[in-house]
Amino acid sequence: MVVFSKEHKIKKESTLKPMHATSVKGVDDMIRLGDLNEAGLLRNLLVRYKDGIIYTYTGSILLAVNPYQLLPIYTPEQVQQYTDRRLGDLPPHVFSIADSCYFNMRRNRKDQCCIISGESGAGKTESTKLLLQFLAAVSGQRSWVEQQILEANPILEAFGNAKTIRNDNSSRFGKYIEIHFTKNGAIEGARIEQYLLEKSRVCRQGKCTTCEGRDDIKDYASFRSAMKILTFTENDAWEINKLLAAILHLGNVDFEETMMNNLEGCDVLTSSHFSMGAKLLEVAPKALDVSLTQRSLMTNRESVSKPLNPAQAVDGRDAFVKSIYGKLFVWIVEKMNSAIYKPPPDDFKDARLSIGLLDIFGFENFKNNSFEQLCINFANEQLQQFFVKHVFKLEQQEYARENIVWKNIDFSDNQRTLDVLAIKSLNILSLIDEESHFPKGTDTTMLNKMNQVHGKGDIYISPKNNHDTKFGILHFAGAVYYDSKGFLEKNRDALSGDIIQLVQTSSNKLLKQIFHNELSTADGKTTTSNIIVTPKNSLRQTSESGSKKRVPTLTGQFRQSLDSLMKTLTACQPFFIRCIKPNDYKKPMLFDRELCIRQLRYSGMMETIRIRKAGYPIRHTFDEFLDRYRVLLKFSVCDPKTESVKKCCESICENVLIEDDWRIGKTKVFLKDCHDTVLEMARDKALNEKALLIQKVLRGFKYRKAFLKKRAAAVVIQKYWHGHKVRKLYRVVQLGFARLRALVRSRQMAWQYKQKKQATLLLQAQTRGYLMRKEWKRKQKAVILLQAHTRGTLARRAVKKMKRNALLSLQDRRAEELAVLERQKKLELVLRQKKEREAAEQLESITDQEMVDDIFGFLPSMVGGQEGQAPAGFEDLESKRAVLEEVDLDDAPLMEIPEEDYDDLDEYSFSKFASMYFQGAATPTHIRQRIRQPLLYHEDENDVLASLSVWWMILRFMGDLPEPKVQKISRNEPGLADRSLQKDVASRQGRRLSHMVGLDQRLRNSRNTQGSVSVSADEASGKRKASTFTDILSRNRKASSLSEEVPNRKLSAIPEQKNRKGSTFTDLMSQNRKTSTTPVRDPPNRKSGRKPSMILEESSDGSEVSKPPTVQTVSEEEEINGDELTLDRLMTSLEKLHIIVGYAIVRRDLRDEIYCQICKQLQENPSRGSFFRGWILLSICLGIFPPTKRFIKYLQSFLRFGPVGYAPYCAERLRRTVANGVRGEPPSWLELQATKSKKPIAISVTLMDGRTISLPVDSASTSKEVCQVLSQKVRVQDIFGFSLYVALYDKVWSLGGGREHVMDAISQCEQEVKRKGGQEQHAPWRLYFRKEIFKPWHDCSQDNVSTDLIYSQVIRGLKYGEYQCEKDEDYVELAAKHFYVQYGSDSSMENAKTVVQECINSKLLEAKSEAKWVQMVSTSHVQGPFINSRTKSAHVKAEVVDFARQKWSMLFSKFFEVAKLSGPALPKNKFILAINSTGITFLDEREKNLLVLSYPDVTGVNTIRDRKSVCLLTLKGDFTLNAVMAADISDLVAMFLAGLIERSQYAVALQEVNRQDDQTFLSFKKAELILLIKDDEFSADRGWLKGKNERTRETGVVPADAVYILPTLTKPTNEVLSLISLSPDQRKTVIGNSLKGTITEKVAPATLKEFSIEYFRQPIKDVSRQVISKNAPPERLWANSREPLRQPLLKRLIFEVATNTRIKGLVQAIAKKLMLVSADGFSLFVKTPDKELPKYLRGYHHCTKEDMVQLGALLFRVKVGNDKTKFPMIPKMLKDLVPNDQLKVMSADEWKKQLTAEYNKQADMTVEQAMTGFLKIIYKWPTFGCAFFEVKDILAVHPYNKIANWSSGSTYFHMTVGNLVKGNKILCETSLGYKMDDLLTSYVNMYLNNERRGQRSRHFD
């Protein structure tokens, strides 16, 4: 026979018993085994283990075999499955035991306990964790304390478990977890008790540092998260790690033997471990050395120190580290208990229940067993006795007491072993304790006493000989031999006084805290304790014999805690889990029969099965039984009122229990396990029947009552319905009679009308005939009379003629006349034919290039530029202009623009665009007549009029309309070509150049002849610098169109300064250049005196001009009437081009109109000349302004079909213009020349060292691109602060390094030359590359090239007076440095003279002689430090640059024109903002400082109002400044602040921090200065900084949130420090007091209009009102009005509320704020926002493209209703209509097209219906109604059935996904954890309720 691959030979004569059927496949409960023997038990476990079933019942006892692998039986589904189920209903499981504990606790209101026993490695710890997981889940609260209880295990295992030869995670301590429940069954706390931590492993570390199958990183992360959950702070974790590290270091400390005074001693070997251990323990190394190598002995009179030998020192060291570890473990357990333990209530009625889980060390038997194994096995003996007593002894005693017939069963009782160990007198543990108290007691004397007392017994096994130190104990699990060596040392478990004194001197708080009891005992003693000195190495502390109370030993403490545990277990109803270890190799599916049968034997399973099978485990008292099962009693058989309780109980059992295997005792009913199940099922069934009966009666009553009520209501409804029906029928009949009557009357009236009509016609015919005949007769008489007079006249004339011509022959005269007429006709015919032939030949001979030359005929053969006299102050650079460094044309400074992935452009034809957007019947093809309305729709009338003017100019430019006839001009007047060169500049500045005003201006002049409002503006504009172009077109602009539509121009934020170009640098340069040798002359007719300020005086006029009505067509009469001297004159092509381009620059809405007009004239144009003129015009426009997004693709598609050479050229110009934005000026002469040749524009840029670099640009090139190319060419690395400057005559201004167009500046220069009477094509402009601004942390050593350029700029500035010094010594010092840079140590006078001429201004040379300056410079050079030190010239240049940066910081600044909207009072509200490396300065128009702010004064900066205003937060108040370049201001200041904070070494304390007890942290007071120390270990990102207190000079760690880092590189002033320490109100008071009396100039009063900009709501856009009242201006909320207010003026009212604020108080506060008489009748209403719309727009839902289009159309209808005029606004509203992550799915135009089409399909839908339709669509989505929490990325998706556990604390959310044993734990640190917990709980409960519906629920009493 083969059994499990092993052969056994069986003899024939041997008798075999066949296997019972229950043993073939195994059974769940081994009580049901047929083969009730050890072999049957073992096979049952083996068969189930091979099938992966590890749990087996033995009655109510659970056997668990360790699988050594993770099984899928611990999922949330398993928890749900075993919840609320009786024991035995489902297969055996640890969850079933946990559920039984919980059920019995709630049913019986009695504490429960579960004892998990077994050998080491059997799985006790894992079973305990599973029990905890189930109890937390079945509690159903998912409270944070439950999670804290669960998270206690990782911490306990980390400190109390270890790897042994038997188990990878062996518990080296025992624990009893008592879980406390409320009366409703919810967990409210727990308490952990620990027993006998094994500490010897701390000082006997092995070499094994890894464990197979365990992930240290994951375990440590779980440990760290558990510490956070259990309220361990970061400081606690740090201190714990310090002690653990100290233990490890001390374990590596070694000793060497020495001789001291003829005594054996030792010294500590020098090592890093010893010093590090002392540092971690925070004790002096010398004190630690002494305490480890010496011991103090107290004699009668003095204390004596005795040296220790190395062995004794090692023992002392080990005792010290074990004590630290043990006490640290106790402190950790107490710390966890403080978090999870809740004291019991005082009210006994609400006494809580508990379930205790005992997980204690298993029985141990190693090769070398010591004192710890004896204690562990003693504890197991106690638990085994408890099990035996509960299962066997108490059972049999109970049966005997109740007179139950019972046959006693023999079982293994370990009482005798307990007697020998701990119960009888002179037991082993008592002997060990007694010997420990003797000063001279040793392990040998203890062993001798045990041999004497117990040597003759059979439990104690004596040593084999006298030299053997091992003795044995016969335990219930077998004999174990213990080595007595070290027993007394471990039992005493005491430390020497030297170690206690060492701990006393430590500054480690945690170390002192864990030794608190020892330290307090030591402090209370007046004398040093004596030391018991043993012959060898026993150095434990004890008291003198009989003098003091004995010190408690480890055995005594352990026995005391074990006795307390046994009392607790005895008071509870126990459950047992026996864990079986299948093999010693920790391998899965390996079953060692011998090992398992041995564990089954000593666990008493065989006896347990027998007694459970024969006994009655379920028992109730008669009262309890009757009280619970009274519903099963048949009162007809047994009435409880008359019969006894015992009789009633017996009656219930006889009626319900079919089997007769139950007993009635004296006071109790005894039942089997199956009987309890039958009774419970019968009870539930009976209760359900009674409940159904009650429900039936109540429902019948309820429904009858409802029926009667409904019947009465139906009668009432019928009555009213019948009346309504009759009245309705009456009205129908009445209406029919009325219609019939009307029909009859109508027929009668029709017949009467017909009769009257016929009579009228007859009367009219007769009357008209009579009148016509009468008239005819009158005319006939008149004609006859007229004929008579005429004939008479003719006859008289004929007579006179006959008399006059009587002399000539009539025939000759006639022939002569005919001949003359014939000759004249022939001559005219010949001339006409010749002219036609010549015109045709000339047209055919003109080439394309000749046609281009003809169009650009106004250009000279070579356009100049950068010619003529150099600007003032730059003459010296002209001599070096011959040296040009050219840049290759391929390196043109063009911005790299990513290629846009457009769709097929064939879909975007111009014809398609025309069909969608052209008005009326306009076609996309060429025509030759004027249009009566624009091609595109325009809301503004000015745009409509301008469109018609542009159309006229385009027709004339292309030659489609003839030029008007040349008007006669007086010879004394200049010609048209010379009219632009007039010298009278002043007169030209005063007028508006009316000859360039178009049709729109003529119509406006014809309607509004009183243009007085704009006259003052024109006059004011003539006084300031502006381009001629902007002056021409300024009338046709809206009030704020320029700043909005030309964003890349440097414009002022002040309305009066819109046209100004330049910066404060221009003014500073012109003022500082007064000392220059080059004379500066004022132009003709220019008033002398100071140059007008860049900031005009503020205007107090706040009036506005209402807009004229909007029209889309212009009548022919309006086109003809008007000023004939505007467009009806002869113009050059340049003038026409400027007019067309000018309208496009100023009017953004006109750009698509102009492109459409040009494209229309180019499509199907039959004229070759007109065709090429149109493409030239299109190419020029493409370089000036871009189209809108709506038209760009159609324009790109149109450009593909252009003529050869123009298609790619135009496409590239379009791409560049779209990238860099619209231009601010019309094309310059240079651009027109480049457009003619289709080549780049060559410009030259001069560097400050004299080099000139030539590089190509195009119309869209920006200053940033040019600066980048220049930097690359000259190899400048630090490009920040370098800018491109434009100079013309005496004007210099900066283009910056941003998006300013270079050609705009050149165009302005050409216009300025034209205004001065010169030729603009020869404008003498120059471009320079200069340093404009420094960084506050500028370092010259980083870039020598930039330093050289700045150095050259400074030297030139000194020469020409740009940079001035107050003292001559500064000039001499700078010149001496330049001397050294140029010539080194050579100090000849010739070189000195050259240096003086290069550095000293001519005015200074006139004040002092040149020789004097040469002498001073030469002397300074010789005496200077550079010659002797041989300093490098680069270092000297850097010193000059740094001097200039600090000295002339205002000259190295960026200037911005701003207007103050709010903030502290200043003399001016409109001023100049200067930003430089030292700070921020407010300047007025006279360059006077209004306010100076250093960067430490600035606390923050941001932009508001769509980046049109900047908010500057300072210590002196918060300023809100309006500026066109607000974004540039904010970015520049923010960059400076961030850079300074990053490099700063100064911080100010915001709060007081007092950490005197911890030297790691720095203590400081509020407002103290902290000097920051750069350290890689600490950073602001981590929340900690390292600093030094300037007052105390102490150094330590500083919390980042407790200090404010100052943005400065130098030490801050006391004023800054004091202001930071004040509150905002106090700061405002101090600043206000300091400013009193300083503001002397008049401050413009604040107006309501200014206030309305910030605080008023937006005007209402009422389309219907604008249509009805065309001339009505837009709503001006700040102005006087007769119309009533439709909405409040203010945006909102802000009130602060607290947690105790009530509605009544808030209403009264609002009424007081609004100055109401009373608050009676007012209330608050809460408006709840739409919850689903934001989720949809943020892209949380997944939807299709069709859904987005449909929903977008519905949302658009919700916003605009039925107003279709808002279609053009769809591209701007896309963010409110389409999910943000789907905006790029289609282009804006495509979105608009599809949304419009879908909107039209919903024509009959109202706004309410649209809102409902939106919800109906998204309601079908699976994510509808979900709550979303934003994260950075979607990591994983977890279904609800995979989430095992979750809970939330104050700042944490914890969730376990997957298996309860090895599931993934997620710990989130968030303040929204409670929301996530509530939502998750709600959804899971909903799903669980759906699944449990219909299932039977268990009822609790």
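Just so you know, glycine gets a Cβ as well, placed from its N, Cα and C.
Curation does not apply to TrEMBL; its annotations are automatic.
Per TrEMBL, the features are:
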DOMAIN    25-684  domain 'Myosin motor'
BINDING   Gly118, Glu119, Ser120, Gly121, Ala122, Gly123, Lys124, Thr125  ATP binding site
REGION    562-584  region 'Actin-binding'
DOMAIN    926-1236  domain 'MyTH4'
REGION    969-1120  region 'Disordered'
COMPBIAS  1006-1015  compositional bias 'Polar residues'
COMPBIAS  1027-1043  compositional bias 'Polar residues'
COMPBIAS  1062-1079  compositional bias 'Polar residues'
DOMAIN    1241-1544  domain 'FERM'
DOMAIN    1542-1608  domain 'SH3'
Intrachain neighbours beyond the region 'Actin-binding' (562-584), with Cβ under 8 angstroms and 6 or more residues off its ends: 45, 49, 58, 60-66, 68, 94, 97, 100-101, 104, 108, 110-124, 127, 166, 176, 178, 193, 195, 354, 356, 358, 362, 378-379, 382, 386-387, 390-391, 590-592, 595-596, 599-600, 603, 605
Secondary structure content of the region 'Actin-binding' (562-584), with strand meaning DSSP E or B: 9 helix, 8 strand, 6 coil
Neighbouring C-beta atoms (10 Å sphere around the C-beta of Glu119 (ATP binding site)): 26
Residue counts (helix, strand, coil, in that order) that DSSP gives for the domain 'SH3' (1542-1608): 8 helix, 28 strand, 31 coil
Additional residues surrounding ATP, by Cβ distance to the Gly118, Glu119, Ser120, Gly121, Ala122, Gly123, Lys124, Thr125 centre under 8 Å: Asn66, Asn167, Gly362, Cys579, Lys581
Other CB atoms within 10 A, centred on Gly123 (ATP binding site): 25
Cβ neighbour count within 10 Å of Thr125 (ATP binding site): 22
Cβ contacts of Gly121 (ATP binding site) (under 8 Å, same chain, 6 or more positions away): Asn66, Thr164, Arg166, Asn167, Ser170, Gly362, Lys581, Asp584, Lys586
Those residues of the chain, 6+ apart, with a Cβ under 8 Å from that of Ser120 (ATP binding site): Thr164, Arg166, Asn167, Ser170, Ser171, Phe361, Gly362, Phe363, Glu364, Lys581
PLDDT averaged over the residues of the domain 'MyTH4' (926-1236): 61
Nonlocal neighbours by CB distance (under 8 Å) for Gly118 (ATP binding site), same chain, sequence gap 6 or more: Ala64, Lys124, Gly362, Arg578, Cys579, Ile580, Lys581, Gln599
Long-range Cβ environment of Ala122 (ATP binding site), under 8 Å and at least 6 residues apart: Ala64, Asn66, Gly362, Cys579, Ile580, Lys581, Gln599
Other CB atoms within 10 A, centred on Lys124 (ATP binding site): 27
